Structures are given as structure tokens and as C-alpha cells.
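Copied over from Swiss-Prot:
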type: COMPBIAS; residues: 42-63; note: compositional bias 'Low complexity'
type: COMPBIAS; residues: 75-86; note: compositional bias 'Polar residues'
type: COMPBIAS; residues: 110-136; note: compositional bias 'Low complexity'
type: DOMAIN; residues: 255-412; note: domain 'GAF 1'
type: ACT_SITE; residues: H731; note: active site, proton donor
type: BINDING; residues: H735, H771, D772, D882; note: divalent metal cation 1 binding site
type: BINDING; residues: D772; note: divalent metal cation 2 binding site
type: COMPBIAS; residues: 1024-1035; note: compositional bias 'Basic and acidic residues'
type: COMPBIAS; residues: 1078-1088; note: compositional bias 'Basic and acidic residues'
type: COMPBIAS; residues: 1097-1117; note: compositional bias 'Low complexity'
type: COMPBIAS; residues: 1121-1131; note: compositional bias 'Basic residues'
Amino acid sequence: MTDVSSPAGGAASPVEMATSSSSAATTLTNGANKTAISTAAGVAPGAVPGPGSAAIPASSSSGNQVKLEHHHRQSNNNRPAATNRSSETKLRSPAGESDGASRLMTPAGSSSTPSQSPSPSQSPSQASIQTQTSQQDRLAKASTTASQQDVDEVARLFEEKPEAFEKWLTERAPPEALSRLQEFIENRKPHKRPSVTSDLFQQWMAASPTVQQKSPRSLSNSSASSIPECRRHLMDLDEGELFMELIRDVANELDIDVLCHKILVNVGLLTHADRGSLFLAKGTPTNKYLVAKLFDVTQKTALKDAVTRASAEEIIIPFGIGIAGMVAQTKQMINIKEAYKDARFNCEIDLKTGYKTNAILCMPICNYEGDIIGVAQIINKTNGGCFKGCMEFDEHDVEIFRRYLTFCGIGIQNAQLFEMSVQEYRRNQILLNLARSIFEEQNNLECLVTKIMTEARELLKCERCSVFLVDLDCCEASHLEKIIEKPNQPATRAIKSADSFEEKKMRNRFTVLFELGGEYQAANVSRPSVSELSSSTLAQIAQFVATTGQTVNICDVIEWVRDHNQIRAEDEIDSTQAILCMPIMNAQKKVIGVAQLINKANGVPFTDSDASIFEAFAIFCGLGIHNTQMYENACKLMAKQKVALECLSYHATASQDQTEKLTQDVIAEAESYNLYSFTFTDFELVDDDTCRAVLRMFMQCNLVSQFQIPYDVLCRWVLSVRKNYRPVKYHNWRHALNVAQTMFAMLKTGKMERFMTDLEILGLLVACLCHDLDHRGTNNAFQTKTESPLAILYTTSTMEHHHFDQCVMILNSEGNNIFQALSPEDYRSVMKTVESAILSTDLAMYFKKRNAFLELVENGEFDWQGEEKKDLLCGMMMTACDVSAIAKPWEVQHKVAKLVADEFFDQGDLEKLQLNTQPVAMMDRERKDELPKMQVGFIDVICLPLYRVLCDTFPWITPLYEGTLENRRNWQDLAEKVEMGLTWIDHDTIDKPVEEFAACADEEIKDIEFTVTTLNCNQQSQHGSEDSHTPEHQRSGSRLSMKKTGALGKAVRSKLSKTLYNSMDGSKPKTSLKLLESHVSEDMDDKSPTSPSQPQASGSMGRMSASSSTSSAGGQMVDKSKKRSKLCALL
């Protein structure tokens, strides 16, 4: 075997020779690389390589050959094909071979080697290299011999007939061509950049603990027969070479145990020390101590023995105690010639082992920041293997020791970081498993807690684990019961800290205890009593943690119990050395339990690292417990909801007597109810007539027979729907009836049924009747502001979703399913129509859909049969029906508007009372005079644009548009009168919008004399005057209606005359008044000084006289003074 020289030029070290075959072939020199390239190019084995290259023997390991193959493949990908035609290998197919197999042919004069089978002198690895080389050469040959014309021809054939090419590949392609194609595809794939750190970490995690403890370059891991030989080779090296070789030995070691063993063995070789010990720094910044990682290690001590002995007898040395402790505290080296003469030396170990310590050299190990991470100590210098008690460590030994420990400090810190990363990796894997368990075991709290405790015990290596759960009263007691159980205390009462602690202690009562013992013991679940908890020391510690919310790490249980005045249970304290106890909290930072670890396996206290890991377990435990409890509570609430729905369904369903009565009633024709007219009104219908009218609509649409709806089921459903409407002022059952009638009129009179299927007509009528079920008299914004359960349940279109859910609830009630005869597909279709139609009554949805609908109309749409088009059309029809009261005759419209206003005003009162906010104008009772103006705005923004586009597209529904226009004129007229101060809104209904004179039948109406003072409108208000601060709508109506000349305007005179002379029913005037205007003088001096608080105005006084004729009989008695006051108020 050819030797590879060491970097220093000397013989190979035994450390290098003791490595495995995989680690022996590390990096190739330039010569080796050149050899690999020449071999890949076809140079036969045994050929003379280029200068500076190392020969590759025929007996090389397969690992090296694989590496060379890989290197050749990568270099071939990045190197252009050779252009030397004379030395090319040619790819030929021999005649008579049907499989198309090729063979390598070399030019004359070159040595040829058969490629079919390797020669007996060739190894399989060499044959594989040659086979790989042949394939690469064939690919290079193919790429150089093919002309561009051939490539274009093949490409054109492939593009024109790809199916034929695929068929040729699958049926007739030679195997070699397929393998070459596959190889070409593999070579074209991008290579992933190798990550040494990631590969090393994955190899480390995948290896067994036995493999992980082995050092690939460790002298101590060599066989017993090779140790003297290795030591002899190391002794042959000079000091510099030996130093560098031992540094390389520890440079890449990541296992902390193996690294420490290497350091002590190598230091013994460098300083001729008999044995050594290595201590690592642990603890917090305020309480640091040394832990003996390996103790009394000689050059012959095996790694396993050293680790076992250190684990069995863990030695802890505080900083500042003993020789090693002083070195760690002062960071100064200590060199002692005679140990027994030094007061810091502890001879107990010598007495115990029988070994005598003479010379000691102790030196600190620091990291790059200068912090102490360990202390190395060597004992008793030897001379060539012979121990002489008088020998001491000289300055040269100290310098060698210091230099070597500098490199060792880097290695130790790297190994510690790697150990931390491995620990974090394992912890993350466990936490991922815990997260998986939370989802898998969310319905079983016992299994979940048991899994968490098992993982915590195995990771933290403790003897026992316990979890205490606090009684939270989750969803068990009602609010009233909680108030009675815990009455409110006065806010000013002074509470002592002890009282507060006791109150918290009583509040955090443990109800469930989970205990997990040894490895093969099952978890124990119990419900301890109050007496059992009070007599247990472990329970008292858990109670303290639950009350304070603090983590407790107890090293001495007896001392802690004495300091905190807790009950001391002898049987528990005797078996307990260390306790780590931590609160378990939910998302609201409320303690829901306590997790407790008892006794680490090696008898040492729990460290801060243990507490950090255990904190993650506590968080996941809290998440799992909270999730499980929420799941259990959700199941209970769902069960309660089912019971409540059953009760609600029973009480929401119409009684059997009512159903039978309606079933037997005679249903009048549609004309008698005026169902075909857009001017339908329900004022004259009693409640039973409203139900009969609904039944008639279903009959006229032929829905009962078409969908085989049982008549008694339909009657019960109509009565149940009526029963589930609340008695609010507007959004009640009668509003639903009017909406359904308008839909019926649009379908029949408006001829919209020609665009709908029978199933869609059924869905639209059901949606109209159910679109405001269980309306509370408040809108969606109010539900959101008050954070009502409905707003939490439905984030958008709150009330509309609730209406649909109520509709579904009634349909699912026994004896109310009018869709029971439908097929599953028809049932899904009609329910989709009902849902979409009900949600479309939300004006927010109307504004979203309006633009798309207008776009369809502008594009001349006439079919309306697509799914999206039909949905838009149905949505616009639902909105048109929902606001159809605006198109009713005026005597109906203004009464309905007053009902709507009263319902809005009630909501405004609730906002003032509950939310302490100022409602908007339409809901503010104090601004009721603005109702006509707001009605005009509502018509202009929503109603008229909708009815106009529907009327243009479907001309048969023009009455809706015309009625809306007429009502807009009436509301505009009323708004102008209110603005001029000629009327006010203070009646129960707006049936008498203007106060009028009523003539008496038996009293002669005499002239009424009154004066009207007109102010000079040309006079500008002085700055700071009272009039300048008066709102415009609160100023005198006469002033607002005057012209600059002081006379009443023409529009005002016509409106005043109409109001005074015409009655509400449009009959002839009952009274005749003559209104005389006075001439207004404008001789006021604009520059005359006036008082800011008393503005001066001038004008002439005019007399107005009114003569009346005899009034008709039936008028009211009105005295003279009352008439005068009313007329003055009007003006």
C-alpha cells in the first residue's frame, strides 16, 4: 500500500493510521486530482501519471473509487468535450446485434481494453470507472458528431409527431439509449450545495450512542495492541510536529466526553504527566462551580471507564475552594511542587485511592471572551514512563500546557455549543410530538397529561412527575351562582397581604392529581380531598406555586419547608432531595395547574437548563389542558344548545288547533285581497286574513301541487313563521307579508315569472316571508356596537344570517318542512336561493351588487338565465320588495314611514342609554323634524335608481317607479314646509302634516285681525349678535321666506294659500280668507348704530283681515283667540 506522507513530511502518525477507511480518504492532493482526471479520460491503470501526481493503486478501496467517479462526473459537466479527433473513442453498433448495444473502439496505435468484462487483474471498482468513462465518452462523441442539420431534423420530427417519439421510446428504443438519456437528464439537474455541518449533524443524530462516543481519531479508542505502537510513532515526532498532530486530533471533535478524554491523554503525552483531570464550569453567573467531567485519567484509561467513573462520583467544586476552585476564580495558573505542603490541597482522594500526589499543574481554560469554561489539572511528572516523586513541571511544561489548552478551549466551547444544539433539536422533536398529541388527544385529558409527563420525565431524567389541576368552574355555574358564591367586596376595604394570599389559596383548589412514577409504572389519576392536600408536603409546595405564580427550584426540601412554615410530611421528605415546580397557565395568564418534577436520576439538583426545558413543557401542557377543557366545554354547550333548540322548536311551532283551523278555512280569491296590485295594503286585514293571503299566493303560483307540499304542513309553516316574528313596530309579520305580496305582484303582474323557474319562485316567496325572522328592532351596526352574541356569531350581515338560520330552524322543526318532497338536488338548490335572497336584503350587499347589475342592463342583457345573472336579478328584486313601502299610496306611505321612524328612534334611545353615544340623525328622536328631508335622501340614493333601472328593463313594474316619484314629491313638499317652519312632526302618525283651520257649523267665522312684522332683510347682522349665532333652521320662518323688498315670495304665498284654504281630502275650500300684505318701508339707516344684543329693525305695520263665508256642517268649534294664535304660529 502506498503511504501518503504527513503534512510535516515525516512518517505517518499512528493517529492517522488508526482511522477508519472512510476517514483515511479525506482530501486528495493535486497529484491525486490529476490522477483522477487522467483515469477518467481513459488512461489505463498502471500508466505513468503526470509529474507531481500520486499513483492510485489497483487495490484502492471502493470508497476512493466512488469519490473519483463523482469528481470525474462533476468535472466532466463543467468541461467542454475534447476536440482531438485522433484520440476520440468512436461509438459503433456491431452488425448482427439486434439490441443495439454499442462497444468502444479506439484508434489504431492506442492500447485498447475490452469494456464488456473486466480482466482478472482488474478490481470491480476499476471496471466501474472504465464503464463510467465509456459512457461519458459516448456522450461527448454524440455531442460532437451530430450536425446542426441533424438536430434540426430530429427536433422538427419531435415537434410534429411527439406521440410517435413517445411510442418509439416505450416500444423500440434500445436499453443503452434509454440509459444514456436518463444519465443525461440526471447530469442536467442542478446539484445541491453540500453542507458539511448539516451532514455531520444528521449523521450524529442518526448514529447510535455507542457510535457517537467513539472518536474517529482517538488514541484511546485504538486497540490495546496498537497503543504502544501509536505512542512509539508519536515519540518519534519532534515537539512541533507532535504538538500540531495532537491539535488536529481534537480540532474536529464534537462529543464533549470524547474531547475531554483526548485532551487529558494528549496533555499527558506533551508534558509527560502521569494523570490528569478536567473540570467544566457550571451554574449561574452569581453561583458558579466546577464539575469534574473526567477525573484521574491516564494514557491507558479507556474512554468508557473514565466516563462511567465520573458519572458515578460527580465531584462539584465551588469557585474559590481548593486548587481548581482558586484557578477558576483567579484565572491564574497554579504550579505546586509538593502538594502536601500546600493548604489548598485535599488529600482525601489520595487516602481513598492509595495514590500519592506530589506535583500539580493546574491551569484555566478560557473561551474567546476570556471567561472561564473549565480547568485542566495534571499530576506528577514522569520521565520516560518512570515516575520519580521529586520531579516537577518546569516552565517549558507550563508553556506547552498553556498553548495546548488555548486550542482546547476553542474545541470545548464548540463541543458545548454542539451539545446544546443536539439538546435543542431533541427538545424540539419532543415538543413537536407534544403538539401532535394535543390535537390527537384533545378529547381525553388523562391521556394527554400522561403523554406530557412521560416525555418530561424521559427528557429531564427525573424519578417522578406530577401535575395538579386547579378547579376553574369552567361553564359549570351560571353568572348568578358565581355572584352568590363570591359576593362583591367593597372597593375601599383594605385587604391585608396575608388575607389576599389565603383568598388566592382558597380560590386555587386542586381537584385532579396526575402522578407518574418509574419507567415501567402507569400513571395514577386521583381526586384528592382537602385533608389529603393539606397533609402533603408536595401538595403544599404546589399550592404555593399556584398561589404565587412563581417557579420554585428546591435543592433542600427540609430547609424550604422550614422557611415557608409548611407542613412537613416525613415520608415524603425522606424520599425527596430536589423539586422543580412550575405553574401551568392558559392564554389569559391564569393558573390552571401546577407541574412538579421530583429527584433527578443522578441525585443532583435541577439546573437552570432543566427549568428552561421544563418551562416549554409547562407551556405545552397548559395549551393542551386549556384546549381539552375548551373542547369538553364546547361539547357540553353543544348539548345544551341541542336541548335549547328542541325547546325553542317546540314553542316556536304553531299549535295543532291553529293549524287545523287554518286548514279548514276557506281561502278567498287573490282579487279579494288585492294581491295582484302594487298598491296592496294590509291595514284592513286581520291576522288570520294575512295567513290566508299567503296561502292564496302559494296556490296561485301552483307551488302546492307542483312540489307536493302537504296542505297541513304549509298551514303550520305559515303560522310558525308568523309566530317567530317579534312584535316590533315595523319589522314584524305584516312587513314580511307586504314584501311577499310585492314579490308576488312582480312575478304575476310584472311578468317576472317568465325569467324564473318554479323552484326559484318557491325560494323567493319563502325568502320574502322569512327575511326578517326574529328581528329585534335594531340594525347590524347596533349589534356590532353592543358586541351582542349575534355579532360574535356572524361578523358580516349579522341580522340577515340570523334570519336565515331561524328560517332553517323552522323548516327543520317537526311538521314544518315544506320542502320534504323535494329531491336532494332540488333541496340544495332551493335552500341556496333562499339563503342568497335573504342575505341580499342587507343594503350593504345591494351596494356591492348594484354596479354589476347596472353593467348587465347597460349591455342589453335580456336572457337572465346564467347562475350569476340570476343571482343578481333575484338580489335586486328582493331589495325592491323590501323597500316597496316607499311606492305605496301616500296615505299608506306616510303612516309606514312613521312606524319606521319610531323603530329607529327606539334604537337611538338605546344607544344613548347603553352606549352613551349620540345616534345618527335618522335615529335621533330630537331631530324628528328632519324626517321628510331624510326620506327624500333615501328615495334619491336607493329607491329611485333601483326602480328606474328595473322599470327600463322590465316595463311591467312601472307602478313601483311612478309611486316612488309621487311620494318623493310629497316628501319634498313636506320637507320645504318644515324648513320654512310652517309645520312640525309631533303626531302619532303623519296623517296631518300641517295644522289647519277647522270651521264650525253653528258659529259664524269673524274676521281675524293680526299684524305681521317683517324685518329688513337687507340689514346685515352685526358681529356677535344673537341672530348670527342662531342656526339657520331655528330662525324665524317669516324671515327666511321674505324677499329683499319685505314682501312674501310667490312660492311661499302659494304654499301658504294652499295650506290655509285646502283641506286634506282635496274638497272645495271651507273657508275664504283674504290675506293682505302690508307695505314694508325701507327707510332704515344702514349706518345707524345698533346694539349687538338688540338689533334695530324698521318696517311698516300692515293689517290683515280675513272674512269667511258660512262653513259646512260638521266642523269643530274653534274660538277666536285660538284661531288667531294658530295663524300667527303659521306665519
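Cβ atoms here come from the backbone N, Cα and C positions, even for glycine.
On a Cα basis, H731 (active site, proton donor) lies 7 Å away from D772 (divalent metal cation 1 binding site). When the binding-site residues D772, D882 are scored by other C-beta atoms within 10 Å, D772 scores highest. Ranking the recorded positions H731, H771 by other CB atoms within 10 A of the CB puts H731 at the bottom. For the recorded site, H735 (divalent metal cation 1 binding site), the DSSP three-state label reads helix.
In the predicted model, residues of the domain 'GAF 1' (255-412) average a pLDDT of 86. Cβ-based neighbour count (10 Å, all protein chains) for H735 (divalent metal cation 1 binding site) stands at 22. The DSSP secondary structure for H771 (divalent metal cation 1 binding site) is coil.
Each residue in H731, A736, V739, C768, H775, T841 lies on the same chain as H735, H771, D772, D882 and has a C-beta within 8 Å of the C-beta centroid of that divalent metal cation 1 site, without being one of the site residues.
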